[in-house]
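Annotated ATP binding site per Swiss-Prot: THR66, PRO67, LEU68, GLY69, GLU70, GLY71, LYS72, THR73, in sequence order, evidence recorded as sequence analysis.
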Amino acid sequence: MLTNLEIARGAKLLPIEEVGRSMGLREERHLEPYGRHVAKVDLCAIEDLSERPKAKYILVSAITPTPLGEGKTTTTVGLGQAFSHIGKRATIAIRQASMGPAFGIKGGAAGGGYSQVVPMERLNLHLTGDLHAVTEAHNMLAAMIDNHLYHGNGLGIEPHSISWRRVMDVNDRSLRNIVIGLGARTDGVPRQSGFDITAASEVMAILALASSLEDLRERLGRIVIGHNREGNPVSAEDVRGAGAMAVILKEAIKPNLMQTLEGTPALVHAGPFGNIATGNSSVVADLIGIRTADYLITEAGFGADMGAERFFNIKCRISGLEPDAAVVVATVRALKAHSGRYQIKAGAPLPEELLEENPQDVLAGAENLKKQIENIKLHGVPAVVAINAFPTDHPSEHKAIEEAAKEVGARCAVCRHFTEGGKGAVELARALEETIEENERERRRGGGGSFRFLYPLEMPLKQKIETIAREVYGAEGVEYDAEALRALEGFERAGFGRLPVCLAKTHLSLSSDPALKGAPRGWKLSVREVRASVGAGFIYPICGQMRTMPGLSAHPAAERIDLDGEGNVVGLF
C-alpha cells in the first residue's frame, strides 16, 4: 500500500471555493482563500447560516488508547466520506496539528490511508499560521509580565507566583526549566521559568472555546498569571496585555476549511492539549459546521473518559449544541493490551504474540470498551462501536468485540476506511443513522436518552472532581495533597467555584496510573495540585505527572523528513 503522503499527493482536489459552495458558504462573503485548497471562514457565517436546518451532531471518541493511537481522526474522516455513499451530506471538524508531534514520534494529524484531510502537508506544517499566532499571543503576554516587573512592579506581583511560562511548537525537553533575566540589570528580573509546547497554552484552549471575537477578547483578559502580595489574582487585563493578544489572534479565530480525499468538507481549527485542556476542535467551527450538512462529525482527544467527558461538560455548555450520537473507536490490538498481558510501546515493534488469534484476551480487555460506552451513555448519548480493522485481525476477535458491545446495548460496525476510504465505513454510517432515528423515536414515546451534563455548575469544585472520578473513571474515592486542598479553597473564595473541571491525568488508563489497564476497580484518584485556566473557563486538577513540553525520541520523525529534488516534502506521516 502507498504511504499516507503518497496517497495524499496523488489526490485530485476540488477548488476550495467549490467545497465552500457545497456547504452553502458564499465565496465573496464567507471565504478567504489561502491558496487553491485552503480557506479561512469568516465568523459572519454563524449568523448568516442560522436559519438553515441543524445537522445531526456526532462525536467520535475511543476506548483508552495505546501509545500508538487507535484511529479516531481516520475514523472521523472515513465516516464523513461514508455518508456521501448513502446519499447524505457531511461536514467534519477536527483539531489542527502541532508540528512538535509531527516531527517527533506521533506523526501528523490528518488521518491516514484513504481517509485523510488534504493537502496533508499543509495541515501538518503551518496551515494558515494559527499555531504561530497562538505562540506569539502567549509570548506577548509573557513579555508584558516581565516588562511590568522590570519597570517597578506597580501591581505588586509576587515573582514566584507567576505561572505564565513561554511556549513554542517544538518538542524540546531542554527548555522545560530555565532561568530568565540573567546578565546585566537591564536584561530583566531573574526568575525561574520554562517553556511549554504551544498546544498546552491556555491561549490555545481559549481559541478552541471562544464563541466570537468579543468572547475571545474577554477570555484573554480573564487569564490569571499569578497573584500579588495580598494573595489576589493578577490577570492579563491587569498587565494590559489582553488587547495586543486579541489583535494577534484576530485572524486565527476564523476556522480553516479543507477537504478530505473524497471531497468532504473539513473544518480544521484549534488544537488544545488533550491532557490538561479539552482536546477538542473549536466551538466556532462547530457553530458553522452544524448548519452546513445533514451530519456534523467531530472528534475528541484520547478515550471517552478524557476528550468526550470534556466535550460534553465543557465544550457543549459553551456552544449550546447537543450531540445526537457518539462513536467509540476500538481496535483488536488495544483491547488485547487492556487484558494486561501485553505491552505496547511507542516506537517499538508490536509483540508478535499480540498478532496471534486470541478472542479470550480481546474479551478480557473489552471491560475497558464497556466502561467507555457507559461513559458516553452517562450523558444521555447513544453509542456505536467502530472496530477499526487491521489486516492482522481475526473474525473471532471482531465477534468478541461485537458481543461485548451488545452486552451494554451498543451497535457495532467493522470499518475498513483506512484501505477503502468512505466505502469502508458505510456500515458505521448506517448504524449511526439507525441509532439516531431509534433514539428519537424512543424520545417521542417518552423514553430514549436526552443529553445531560454530568454535574451542575453550582456544585462545589471538590464535589465535581469526585463525581468525575467516581462516575467516569470508576475510582472508589479521591485523595488530595494539602496544596491541592488549599488551592481549591482559594479558587472558591476567588469566585471560580462555578467553573467546570478538566482533570489532567494520563490518557493511557482510566486511572491516574498508566500501568493499570482495562477497567480497574478499588483504586483512588490522587490529586496533587489544582490549577486554574480562568480565561479558558475551567479548573484543572493535576493527577500524576503531566508533561507540558514533550521531548524527542532517540530517532524522531524529523530525521526522515526532507525535501526531494523537486521541492516536495518526503518522510511526513
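We count from 1, first residue shown onward.
Glycine is treated like the rest: Cβ placed from N, Cα and C.
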Residue among binding-site residues LEU68, GLU70, LYS72 with least C-beta crowding, 10 angstrom cut-off:
LEU68
Should one count Cβ atoms within 10 Å of each candidate's Cβ, the binding-site residues PRO67, GLY69, GLY71 would be headed by GLY71
Name them in sequence order: residues not among THR66, PRO67, LEU68, GLY69, GLU70, GLY71, LYS72, THR73 whose Cβ is within 8 Å of the mean position of the Cβ atoms defining the ATP site.
ALA62, PRO65, VAL329, THR331, ALA334
Helix, strand or coil for THR73 (ATP binding site)? Use DSSP.
helix
Are there residues of the same chain, six or more positions away from THR73 (ATP binding site), whose CB falls under 8 angstroms from its CB, and which are they?
ILE94, ALA109, ALA110, GLY111, GLY112, GLU299
So how many other Cβ atoms are close to THR66 (ATP binding site), meaning within 10 Å of its Cβ?
22
